[in-house]
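Step one of this worksheet: look at the structure below.
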Amino acid sequence: MQNLVILTGSGISAESGVPTFRAADGLWMGHRVEDVATPEAFARDPALVQDFYNRRRAQLADVQPNAAHRALADLAARWDGDFLLVTQNVDDLHDRAHAETPPAAGFELVHMHGELLKAHCTATGRVIDCPGDLAPDQPSPFHPRGVLRPHIVWFGEIPLHMDRIETALARCDLFVSIGTSGAVWPAAGFVQIANHAGARTVELNLEPSFGSRLFDEGVYGPATEVVPGFCSEF
Ligand code: APR
């Protein structure tokens with residue numbers, strides 16, 4: 001029985017039609033990061049920020065899990081140890097793939113940068129499902145002084161589930177990083193924790209990431225090809 005941790009980034013959803021972050025123009029849907037993805041931006045211009053996330057949320061209706069998401073769901077269904085899937089993605093494509101193919105008992109999925117289809121209250125932090133648009137001053141059902149904002153970890157905020165993730169990394173036998181550039185911390189440092197734990201470490205990406213030399217192995221190509229190929233080893 002082996003303990004597995006897999007980290008995914010936007011590269012795994014690229015072939016589903018969800019844009020990656022660090023594309024050549026450096027913009028997200030025409031905006032600079034600091035204008036739409038920081039707490040300061042939300043305080044300055046809540047209408048712009050809510051509109052940006054409303055549009056990203058609406059785009060999810062037009063995309064489907066691809067062969068890479070489905071290969072991980074199939075792996076989760078047959079894996080007999082612990083399997084923590086950590087995604088930096090705020091889309092729901094992993095969730096949908098695992099709903100189609102229910103995982104074995106040791107599986108857990110965590111969204112460390114939040115989820116587009118959830119919102120949270122600025123006064124209490126309580127999280128609520130959010131299938132549709134949010135208004136600039138969307139009242140919170142949880143507190144009279146709160147508003148609902150996208151449940152997204154913005155730049156300058158602390159990623160979610162870090163205790164759970166670090167515990168799993170410290171006892172994993174295999175760590176696989178898929179479709180992430182390794183430009184954003186703390187996810188970029190997960191390979192070091194796995195190396196320290198003595199795990200086999202593998203990178204699957206379109207091209208070598210910033211931290212590629214820290215991995216034991218790298219397999220390079222589109223996720224819909226390299227992920228099913230890698231999963232077929234098990
Ligand atoms: N298959 C595999 N990898 C791909 C594909 C593909 N079809 N297309 C692109 N990639 C790779 C790119 O080569 C790149 O290394 O995916 C990586 C995407 O990197 P980024 O755009 O930096 O995205 P990510 O690593 O997920 O960003 C991390 O940064 O902006 C924040 O919070 C945001 O969660 C995000 C975090």
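Note: Cβ is positioned from N, Cα and C throughout, glycine not excepted.
Quantities reported herein were computed from a predicted structural model and do not represent experimental measurements.
Together with GLN88, ASN89, VAL90, ASP91, GLY179, THR180, SER181, ASN205, LEU206, GLU207, the NAD(+) site in TrEMBL holds one more listed residue from ALA73, ALA105, ALA223, which is ALA223.
Here the CA atom of HIS113 (active site, proton acceptor) lies 22 Å from the CA atom of LEU206 (NAD(+) binding site). Filtering TYR53, ARG56, VAL90 by Cβ distance to ligand 1 (under 6 A) retains none of these binding-site residues. Comparing C-alpha positions, ARG56 (substrate binding site) sits nearest to VAL90 among the binding-site residues GLN88, VAL90, GLY179, SER181.
ARG56 (substrate binding site) falls within a helix when secondary structure is assigned with DSSP.
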